[in-house]
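See structure below.
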Amino acid sequence: MKMNKPGTTGVKRIINASKYSMSGLHDCWTNEPAFRQDFMLGFALVCSSVIMGFGFWGIVSTLVSGILLVAAEAVNTAIEAVVDRTGSHKDELGRMAKDVGSSIVFLVMISVLIVFAANCYCHFFK
């Protein structure tokens, strides 16, 4: 099934999408402390990887896992915003949506720590 959506196409669409993405990142940064904390955790781990001399792939894997953590927190922030906007009362589905969003961040954070620990192990003990 093809969706016929009016609007811009090509390079103009990519430029607009980039502006919306930057706006979303700005909103997360200014309104969500957890987003800033996760960003700083990723930044600290990448800096540590460089200082400890992990090598190219160690640094890249730490960087990518940090980006995924920030992306997961952005998704969680979006879920929370939608639930807060649409649900003015205690709602089981809203609670579940928020909990699932939080679990996404938790699982990615565990993955980040596993990647960093594996890089430490490979760098110092192999």
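Quick reminder: no glycine exception, Cβ is built from N, Cα and C everywhere.
Residues or ranges marked as active site, proton acceptor by TrEMBL: GLU73. The C-beta environment of GLU73 (active site, proton acceptor), restricted to residues of the same chain at least 6 apart in sequence and closer than 8 Å, consists of CYS28, GLU32, ALA34, PHE35, ASP38, VAL105.
TYR20 (ATP binding site) counts 10 other C-beta atoms within 10 Å of its own C-beta, drawing on all protein chains shown. Look at TrEMBL and you will find ARG13, TYR20, GLU32, GLU80, LYS98, ASP99 tagged as ATP binding site.
The substrate binding site annotation in TrEMBL covers ARG13, GLU73, SER102.
Classification of GLU32 (ATP binding site) by DSSP places it in coil, neither helical nor stranded. Residues or ranges marked as divalent metal cation binding site by TrEMBL: GLU32, GLU80.
What TrEMBL records for 39-60 (among others) is transmembrane segment.
The transmembrane segment feature in TrEMBL is assigned to 100-122 (among others).
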| query | Highest CB neighbour count within 10 A among the binding-site residues ARG13, LYS98? | reply | LYS98
| field | Other parts of the chain folded back onto the transmembrane segment (39-60), taken as Cβ under 8 Å at six or more residues beyond its ends | value | 29, 66-67, 69-70, 109, 112, 116, 119-120, 122-123
| For GLU80 (ATP binding site) and SER102 (substrate binding site), what Cα-Cα distance in Å is obtained after rounding to a whole number? | 9
